[in-house]
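Summarising the annotation, Swiss-Prot assigns GTP binding site to 40-47, 176-182, 201-205, 270-273, A327 and lists similarity to another entry as the type of evidence. Marked as Mg(2+) binding site by Swiss-Prot on the basis of similarity to another entry: S47, T182. Per Swiss-Prot, the feature domain 'G-alpha' maps to 32-355; the stated evidence is sequence analysis. Annotated N-myristoyl glycine per Swiss-Prot: G2, in sequence order. Taken from Swiss-Prot, the feature S-palmitoyl cysteine covers C3. The ADP-ribosylarginine feature in Swiss-Prot is assigned to R179. Sequence annotations record features per position, and here Swiss-Prot assigns deamidated glutamine to Q205 based on experimental evidence. Residues or ranges marked as ADP-ribosylcysteine in Swiss-Prot (evidence: similarity to another entry): C352. Summarising the annotation, Swiss-Prot assigns region 'G1 motif' to 35-48 and lists sequence analysis as the type of evidence. Per Swiss-Prot, the feature region 'G2 motif' maps to 174-182; the stated evidence is sequence analysis. Sequence annotations record features per position, and here Swiss-Prot assigns region 'G3 motif' to 197-206 based on sequence analysis. Positions annotated as region 'G4 motif' by Swiss-Prot, on the basis of sequence analysis: 266-273. Feature annotation from Swiss-Prot assigns region 'G5 motif' to 325-330; the stated evidence is sequence analysis.
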Amino acid sequence: MGCTVSAEDKAAAERSKMIDKNLREDGEKAAREVKLLLLGAGESGKSTIVKQMKIIHEDGYSEEECRQYRAVVYSNTIQSIMAIVKAMGNLQIDFADPSRADDARQLFALSCTAEEQGVLPDDLSGVIRRLWADHGVQACFGRSREYQLNDSAAYYLNDLERIAQSDYIPTQQDVLRTRVKTTGIVETHFTFKDLHFKMFDVGGQRSERKKWIHCFEGVTAIIFCVALSAYDLVLAEDEEMNRMHESMKLFDSICNNKWFTDTSIILFLNKKDLFEEKITHSPLTICFPEYTGANKYDEAASYIQSKFEDLNKRKDTKEIYTHFTCATDTKNVQFVFDAVTDVIIKNNLKDCGLF
């Protein structure tokens with residue numbers, strides 16, 4: 001008699017087993033859900049990383065989606081040449097060919113309607129082409145650190161002939177290079193290595209930062225983007241503030257924030273291609289007067305890396321995972337994101353006591 005298990009006990013044991021199973025499944029599901037927060041100052045490349053996730057993990061942009069970016073490409077191209085021509089007045093640079101002054105007047109007369117309609121008419125593309133070929137305009141472009149200019153300016157202006165075709169459809173690379181200021185929070189979902197990612201891209205300009213706070217809860221990792229090439233630039237919203245210094249200030253507040261004690265911090269030192277180009281003729285001492293190294297990519301990039309990593313006040317318990325990136329290079333982003341995912345998996349296993 002003593003060995004007999006009552007029907008009630010059996011049912012209770014089954015219920016207990018089922019609860020354990022559900023808890024285990026919920027735990028496994030939670031461990032497979034990854035919430036990534038993309039942070040960084042304005043124009044550091046966050047939105048480009050999000051676009052790359054669509055290209056790498058979601059079959060990219062369809063022809064119809066690319067077509068919808070045509071007006072943005074036109075607008076970015078028009079805004080870029082206008083910014084350069086406006087800066088010529090401030091920097092007192094003349095056109096090499098005086099007749100380009102007429103083209104400049106035409107540019108400002110035609111651009112407003114073209115942008116409103118999302119088009120690039122032949123007369124306007126001709127004006128832009130002639131202006132971009134002028135040596136005075138090129139001299140002003142060479143001094144672009146002295147005013148605000150899109151990173152994609154030369155990319156679009158050098159390819160104007162293709163962009164101005166009547167049957168133009170933007171390529172994936174054209175879409176990656178588009179610049180639209182992020183306002184609010186953009187959420188992207190994708191699956192990779194059996195993990196379900198939710199990625200949040202947050203506006204980087206100062207006015208956008210107050211919107212970050214409610215995204216903080218339950219974040220698995222933060223990807224903090226820094227534009228390496230911004231070391232000699234000032235902010236669009238505060239022309240007294242060096243962009244790199246602003247980025248460091250922001251990284252300090254994120255890295256040492258009590259909200260993020262247990263959050264993996266991944267540092268993307270981005271725009272390495274632009275930095276490599278720029279460092280040979282624009283010294284790092286503009287940003288860091290104490291720098292005594294060579295104005296060469298490896299040495300200067302390592303110095304910036306150490307400046308950011310040194311801001312971490314919890315080095316004994318918190319590791320910063322740093323990667324040098326070029327957000328417009330799909331292969332590079334794919335390689336880096338693969339490494340980032342491995343770190344997330346490893347840290348998830350640690351949290352579950354399995355590593």
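From the backbone N, Cα and C atoms, a Cβ is placed for every residue, glycine too.
Here the features listed in Swiss-Prot are painted onto the structure.
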residue : record              : Cβ within 10 Å
G40     : GTP binding site    : 25
S44     : GTP binding site    : 27
S47     : Mg(2+) binding site : 22
L176    : GTP binding site    : 24
R179    : ADP-ribosylarginine : 18
V180    : GTP binding site    : 10
T182    : Mg(2+) binding site : 19
V202    : GTP binding site    : 18
N270    : GTP binding site    : 29
A327    : GTP binding site    : 27
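Residues 40, 44-45, 49, 151, 221-230, 251, 297, 301, 304-305, 308-309, 320-329, 336, 340, 343 of the same chain lie 6+ residues outside the region 'G4 motif' (266-273) yet bring a C-beta within less than 8 angstroms of a C-beta in it.
In this structure the C-alpha atoms belonging to V202 (GTP binding site) and T182 (Mg(2+) binding site) are separated by 7 Å. Mean per-residue pLDDT, taken over the domain 'G-alpha' (32-355), amounts to 91. For A327 (GTP binding site), the spatially nearest entry among the recorded positions S47, R179, T182 is S47, judged by CA separation.
DSSP assigns V180 (GTP binding site) to coil in the three-state reduction, placing it in neither a helix nor a strand.
Per-class residue totals from DSSP over the region 'G4 motif' (266-273), listed helix then strand then coil: 2 helix, 5 strand, 1 coil.
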